[in-house]
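Among the features that TrEMBL reports, [4Fe-4S] cluster 1 binding site is placed at Cys12, Cys15, Cys18, Cys162. Annotated [4Fe-4S] cluster 2 binding site per TrEMBL: Cys22, Cys137, Cys140, Cys158, in sequence order. What TrEMBL lists as [4Fe-4S] cluster 3 binding site is Cys75, Cys78, Cys83, Cys118. Residues annotated as [4Fe-4S] cluster 4 binding site in TrEMBL: Cys87, Cys108, Cys111, Cys114. What TrEMBL lists as domain '4Fe-4S ferredoxin-type' is 3-33, 99-128.
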Amino acid sequence: MAKGVLVDITRCMGCKACQVACKQWNDLPSSNPVFKDGLTSPPEMDGYTYTTVRIEVVKKEKDNDYTIRSAKRQCMHCDHPACASACFAKALQRDAKTGAVVYYPHLCVGCRYCMLACPFDVPKYEWDKVFPLVAKCQFCFDPNGKYDRLGYGLTPACVDTCPTGALKFGERDELLKEAWGRINSNPNYIKHVMGEKEAGGTSWLYISDVPFETFGFRRNLGTRPLPEYSHNFLKWTPIIAVGWGTLLTVLYHYTKRREQIASESGKDVHM
């Protein structure tokens, strides 16, 4: 049974301990404080930041009052990941036991289709490197062992460090039951679990007393797994890539052959 994390936005105080723990565990460099449109820093995920904490001043739906709310953002680890479906090199794969969508850099060809396919705008690129890779949260699961926690029975680093209980790790089905239990016992919650059905479901689940759009979540994703929309097209991607490469090679040799013949005969190849 797949694992998951329940994020209770009402319990998050925006301390960013999860953000720091993620960087420490994954040996990621620290980021210089950058504030774009508020208190969130860095304003979004990048090649060296797998998780961010969105801090927003929002208007509560229930009592029409203003408050500050924070929400952790990272890879949602979809049950049917669009990024993995778009990757013809199989550099992104979902681990059925943990639910983690794992990136394998040695398989990556740098096409960045995963960045276009992700409905949550998660995968980022190391633009400043000569040989850049894609970067994203691995759910603290590493088949090679170096950064693995789930494989050793540990909770993700972010969950382990959260001081308020805003993050809870466990079996996804059990977390869903708890999420709806909290919602039904407290009228202040919005009656929706973000990630329960969106895009076919995700391992990370959110409950909140303010609109999810506040933190950049899209509400028009639908419940159908996104790979179902793209499968018929994406299955042709490797064939198109090979075919296009072959065509360019043939054209190159054809052009070189014409130039060679023209050179020997003293004629202009473009005539």
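Quick reminder: no glycine exception, Cβ is built from N, Cα and C everywhere.
Caution: TrEMBL annotation is automatic and unverified by curators.
Since the structure is predicted, the reported quantities are computational estimates derived from the model, not experimental observations.
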Cβ within 8 angstroms of the Cβ centroid of Cys22, Cys137, Cys140, Cys158: which residues besides those meet this for the [4Fe-4S] cluster 2 site?
Cys18, Ala21, Trp25, Asn26, Tyr50, Thr51, Gln74, Gln138, Phe139, Pro156, Ala157
Name them in sequence order: residues not among Cys87, Cys108, Cys111, Cys114 whose Cβ is within 8 Å of the mean position of the Cβ atoms defining the [4Fe-4S] cluster 4 site.
Cys83, Ala86, Phe88, Ala89, Ala91, Leu92, Val109, Gly110, Arg112, Tyr113, Val134
Looking only at the domain '4Fe-4S ferredoxin-type' (3-33), report the model's average pLDDT.
94
Any further residue of that chain within 8 Å (Cβ to the Cβ centroid of Cys12, Cys15, Cys18, Cys162) of the recorded [4Fe-4S] cluster 1 site:
Met13, Gly14, Lys16, Ala17, Val53, Ser70, Lys72, Cys158, Thr161, Pro163, Thr164, Ala166, Leu167
Report, in whole Å, the straight Cα-to-Cα distance of Cys83 ([4Fe-4S] cluster 3 binding site) from Cys158 ([4Fe-4S] cluster 2 binding site).
23
Between Cys22 ([4Fe-4S] cluster 2 binding site) and Cys162 ([4Fe-4S] cluster 1 binding site), how far is it from one CA atom to the other, in Å?
11
What is the total of other Cβ atoms whose distance to the Cβ of Cys12 ([4Fe-4S] cluster 1 binding site) is within 10 Å?
23
Provide the number of Cβ atoms within 10 Å of the Cβ of Cys15 ([4Fe-4S] cluster 1 binding site), excluding the reference atom itself.
15
Long-range neighbours only, meaning 6 or more apart in sequence with Cβ under 8 Å: which ones does Cys87 ([4Fe-4S] cluster 4 binding site) have?
Cys111, Tyr113, Cys114
Given the recorded [4Fe-4S] cluster 3 site (Cys75, Cys78, Cys83, Cys118), which additional residues of the same chain have their Cβ within 8 Å of the Cβ centre, ordered by sequence?
Met76, His77, Pro81, Ala82, Ala84, Leu92, Val101, Cys114, Ala117, Pro119, Phe120, Val122, Pro123, Lys136
Cα-Cα separation of Cys140 ([4Fe-4S] cluster 2 binding site) and Cys162 ([4Fe-4S] cluster 1 binding site), in Å?
15
